[in-house]
Amino acid sequence: MARGLKVLSALDSAKTQYYHFKAIIIAGMGLFSDSYDLFSITLITKMLGRIYYSDKSKVRQVNPVVVSALISVALLGTAIGQLVFGRLGDLKGRRHVYGMALMLMIISSLASGFSICTTKRACVLLSLGFFRFFLGLGIGGFGILASATVTMVVCSIFRHGSRPELPSDVPPEADVAWRLILMIGSIPAALTYYWRMMMPETARYTALVEQNVLQAAKDMEKVLDVSMSQIAEEDSSPPSTNPASYPLLSREFLHRHGRDLFACSANWFLLDIVFYSQVLFQGEIYKRYLKPSDKHDVYQEAFYLARIQAILAVCSTIPGYFFTVYFIDRVGRVKIQMMGFFFMAVSFFAIGFPYYSHWTSPDNHKNKGFMVLYGLAFFFANFGPNTTTFIVPAELFPARFRSTCHGISGAVGKVGAIIGSVGFLWASHNKREEGYPEGIGMKDSLIILGGVCIVGMFVTYFFTKETMGRSLEENEVEQSHHGEEYNDL
């Protein structure tokens, strides 16, 4: 680099302070809201089936086409939102764009709960899908556990107040319960919006993209325990502009960053195919460990489904995150990602190959081994690529492209999520059942998912760079075609 910036050096070397915890919470609450809103729909659709599809004689489910549409429309919105807001983050700044996305999430979460109509099924579902698309635009963890916990609490309260006489009875208050569950998702986003607006723009964006080093120093003086004399530059002029600057997605950009962008996008795509395929397991788990729907009322069914989701989150997904936090700067991103993909593949193969000969036989219908393998698959998703695919894109690219490239990677991942959550849901049936056509069956679906994990492992090994111990400022120093370094500031 032409000259190091004191403010960025101070940011890297600063001891852990209140500012860091606040930044962690703000970033984490964004992911929290993401998980809450996207995964709560799985529980909500069960209640919608009771309210809008059932009658006194039979308990029915939401049409599979409608379920697929409600899931995919939010994921499609997320993909578009990641592209749009990712690019805006590099052009307009992280602070303001993050605020715009959060505000859109708040409004869309509330609007989802206020979905138009209360009796006309088509009207309710169309308006819900419409608002979930905009919710996805804004989105683009622990949220899974929160959505399950909120569902259990809300259903318990409503059932205590108006307990149905028969399992098939659906009290009018149930139409309020599912709306309330969705609207509660706006609370963490609203709190995050306030906290983020109280914080300054990131120092790296201000110094490296806006070229305003003095303002970056003033902002960091407010939030870090450092004096202005320690971080202010003697030369107040902006950093020198790189004479070889190049635009996004130009030939020069692809030459320098194409491999990294491919690696981040491909790994996120492959991971989301597998991670969002958990809808396959949920249906199987519900069949194994829950009584038939006609044995529960509308609140009980949603409560027990949420309880299973909460148990799985506590036993597998959340511990996976903590393992990653502990090991990521000891083992490295690439090794953790490869290990995660490998053990996910092992879990899918162990369930898939003997699926019809072993796991579905009467003697093994309630075999706890199925739950253990399911839990291991998603433990290693989080102690693996479901964490690292978020981190690596934020550590590989120069500041002026960082938000855009992260958005592109995430958007490609959400295409994989649609394939995993909708495509494999339809393909997993080996006969016509529950409104689904005959597909390739669960065995072949699970084996293919295991194969996807193996592909992810090889893409990680051959294309993904290790970023452990690397300063973000190293991304600003790039190699020209002739091998000399130049300053990207």
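Going from the start of the chain as shown, residues are counted 1 onward.
Placed from the backbone N, Cα and C atoms, the Cβ positions cover glycine too.
Summarising the annotation, TrEMBL assigns transmembrane segment to 20-44 (among others).
What TrEMBL records for 23-468 is domain 'Major facilitator superfamily (MFS) profile'.
The list of residues near the transmembrane segment (65-85) in space but at least 6 beyond its ends in sequence, with Cβ under 8 angstroms from a Cβ of it, reads 34, 37-38, 41, 45, 97, 100-101, 104, 125, 128-129, 132-140, 276, 279, 406-408, 410-412, 414-415, 417-418, 421-422, 425-426, 435. Per TrEMBL, the feature transmembrane segment maps to 65-85 (among others).
Within its own chain, the transmembrane segment (97-118) has Cβ neighbours under 8 Å at 30, 33, 37, 81, 85, 88-89, 124, 127-128, 131-132, 134-135, 137-140, 175, 179-183, 185-186, 189-190, 192-193, 196-197, 403, counting only residues six or more beyond its boundaries. The transmembrane segment annotation in TrEMBL covers 97-118 (among others).
Residues or ranges marked as transmembrane segment by TrEMBL: 130-157 (among others). Tertiary proximity for the transmembrane segment (130-157) is limited to same-chain residues at least six positions away from its ends with a CB under 8 Å from its CB atoms, namely 28, 31-41, 43, 70, 73-82, 84-85, 101-109, 111-112, 115, 177, 180-181, 184-185, 188-189, 299-300, 302-303, 305-307, 309-310, 313-314, 317-318, 321, 407, 410-411, 414.
Sequence-distant contacts of the transmembrane segment (177-195) (same chain, at least 6 residues past either end, Cβ-Cβ under 8 Å): 22, 25-26, 29-30, 32-33, 36-37, 40, 43-44, 47-48, 51, 99, 102-103, 105-107, 109-110, 112-115, 138, 146-147, 150-151, 154-155, 158, 299, 302. Per TrEMBL, transmembrane segment is recorded for 177-195 (among others).
The list of residues near the transmembrane segment (261-282) in space but at least 6 beyond its ends in sequence, with Cβ under 8 angstroms from a Cβ of it, reads 42, 71, 75, 305, 308-309, 337, 341, 344, 348, 374, 378, 381, 385-386, 388-389, 392-393, 396-397, 405-406, 408-410, 412-421, 424-425, 428, 442, 445-446, 449, 452-453, 455-456, 459-460, 463-465. Positions annotated as transmembrane segment by TrEMBL: 261-282 (among others).
The transmembrane segment feature in TrEMBL is assigned to 302-328 (among others). Long-range contacts of the transmembrane segment (302-328) within the same chain: residues 39, 42-43, 46-47, 141-142, 144-145, 147-149, 151-152, 155-156, 159, 177, 282, 285-286, 289-290, 296, 336, 374-376, 378-384, 386-388, 391, 468, each at least 6 residues beyond the stretch ends and with a Cβ under 8 Å from a Cβ of the stretch.
Within the chain carrying the transmembrane segment (340-359), a Cβ under 8 angstroms from the stretch's Cβ atoms is held by residues 270-271, 274, 367, 370, 373-374, 376-377, 380-386, 388, 441-447, 449-451, 453-454, 456-457, 460, all 6 or more beyond its ends. Taken from TrEMBL, the feature transmembrane segment applies to 340-359 (among others).
Per TrEMBL, transmembrane segment is recorded for 371-392 (among others). Sequence-remote contacts of a segment are chain residues at least 6 beyond its ends whose Cβ falls under 8 Å from one of its Cβ atoms, and for the transmembrane segment (371-392) they are 31, 263-264, 267-268, 270-271, 274-275, 278, 281, 285, 289, 312, 315-321, 323-324, 327-328, 333, 336-337, 339-341, 343-344, 347-348, 350-351, 409, 413, 456, 460, 464-465, 467.
Taken from TrEMBL, the feature transmembrane segment applies to 404-426 (among others).
Under the heading transmembrane segment, TrEMBL lists 446-464 (among others).
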Which residues of the chain, 6 or more past the ends of the transmembrane segment (446-464), have a CB below 8 A from one of its CBs?
259, 262-264, 266-267, 270-271, 273-274, 277, 280, 333-334, 337-338, 341-342, 344-349, 351-353, 355, 385, 392, 420, 424
Distant-in-sequence neighbours of the transmembrane segment (20-44), which means Cβ under 8 A and at least six residues beyond its ends:
14, 70-71, 74-75, 78, 98, 102, 105, 109, 132, 135-136, 139-144, 146-148, 150-151, 178, 181-182, 185, 188-189, 191-192, 195-196, 199, 279, 282, 302, 305-306, 309, 390
